Amino acid sequence: MGTKRRTLKSPSGGDKKMKKSVQPEDGAEAEANIDQGIETLRNDLSRLETMTVKELKAVMKDAGIHAKGRKQDLISALGSFLLKPEDEVTPLISKDTLPVVKTKDAGSAPSKSKKKDLSIEDSTQVLTFESDVSGSRKLKHRGTSQMHESDHNGNSGIVMEGYKHHSSGSQTSLKVSSKTSTLEKSLPAISDEPWTVLAHKKPQPGWVSYNPVMMRPPPLPDGTKMVKLISWNVNGLRALLKLGGSSALELAQRENFDVLCLQETKLQEKDVEEIKERLIDGYDYSFWTCSLSKLGYSGTAVISRIKPISVRYGLGIQDHDSEGRLVTVEFDTFYLLSGYVPNSGEGLKRLTYRVTEWDPSLSNYMKDLERSKPVILTGDLNCAHEEIDIYNPAGNRRSAGFTDEERQSFEKNFLSRGFVDTFRRHHSGVVGYTYWGYRHVGRKTNKGWRLDYFLVSESIADDVHDSYILPDVFGSDHCPIGLVLKV
């Protein structure tokens, strides 16, 4: 007989809320009830918003998810778990097996109220990433401080010590294998791939669904100098890491990126050092800006294994720089901006601010930078530019992110000023989304929006080898996007 534990009552019982069982249950019966309850939530994610913190924590405990944080953090973590295909759901890394990191020259980059150039020595941190399990073996993620050259497989030879799963009853831990191996380029195949099915209310002739396997170009020839950039709205970095950090680690392993841009980190300045300690070895340069006007809101970052020349925070305009929405890093041949454009909000309360103040200011800032070298803007730009970029155009004419005002502003301030939407340039007529939200099970049905972009100066548009979406990476209501640029 099993001991008391929390279960989810079957929908047939009428009461869909969390209940504590009053009688001990047989172990198999308890597990069946838990599985049934989790499956009920998986089929109706909108229920997460109606659950209490206590109920959310109980479900997460039964699912083996570390449950800590505010309600929205719990919803984000649990939603990500439930959205992951069932054959991809594995027990998560326990707190006891999380990496231990040694740091030096620790200095976080606070939000700035005015534009400031900083030397790298003032703003960087060198990390040593070690595992505290199996004899404190180091995880070697080889990186260089320069743009790398691709080999025949488009691989720069990331080498890590292999992990093996060891199970004992219901407890699963990760132990480090004694054998060092080169990582595979791809994750295990996912049987359920809704993003490969054309989902649009009013598809036009010739439109096709984006397929991240079939629509990627072949690797660049050996010796080609290139840089790989990834951008991801993580919708709360702490919530993502509470999932064990598996999505972020898998992304680094698979994509072997040079630079990772993050948006909506939702960090406070006091959190930055703790988060830095979770970085993978080899990404020695990280730059963070947090919201000062509203704690635990917005926030952007750039994490790089390439040493930048300089870093700036914000636009240099006090009215725009209190929410941590922009980090700019300067490399040898281009500027890279990680941006989180303000959402017009419920009732479009910030629409006027967004289209008359923020967009023009960001555009002017980018054009000023462009006088010295090309510019790349990436991140959540909170605008589905064309009807092909949103599942239901007609039903969202007055929804934030698809109003005529926002779309016209996007065209006027960015595209018409010489910045190229790289995904649309490479994939004309392709329906590919980067945001689905947790409500209405949008990701399972691929009813989404394309809100995340790489915009580049026209002068380097022909150097873009690949602009792509990674819809099979979970952990947020957005998925990552990538750019491969010849340099």
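The backbone N, Cα and C atoms fix where each Cβ goes, and this holds for glycine too.
TrEMBL labels come from automatic prediction, so no person has curated them.
Feature annotation from TrEMBL assigns region 'Disordered' to 1-33 (among others).
Taken from TrEMBL, the feature region 'Disordered' covers 133-177 (among others).
Y340 (active site) counts 25 other C-beta atoms within 10 Å of its own C-beta, drawing on all protein chains shown. In this structure, Y340 (active site) is part of a beta strand by DSSP. Residues annotated as active site in TrEMBL: Y340.
Residues or ranges marked as active site, proton donor/acceptor in TrEMBL: D380. D380 (active site, proton donor/acceptor) carries a strand DSSP state (E or B).
Around D452 (site 'Important for catalytic activity'), the C-beta neighbours below 8 angstroms that are at least 6 residues distant in the chain are S231, W232, N233, T378, G379, D380, L381, T434, Y435, H478, C479, I481. The feature site 'Important for catalytic activity' is assigned by TrEMBL to D452.
Taken from TrEMBL, the feature active site, proton acceptor covers H478.
Residues or ranges marked as site 'Interaction with DNA substrate' by TrEMBL: H478. Around H478 (active site, proton acceptor), a 10 Å sphere centred on its CB holds 24 further CB atoms from the protein chains shown. In three-state terms derived from DSSP, H478 (active site, proton acceptor) belongs to an extended strand segment.
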Worksheet item: Tell me, by DSSP, whether D452 (site 'Important for catalytic activity') is helix, strand or coil?
Response: strand
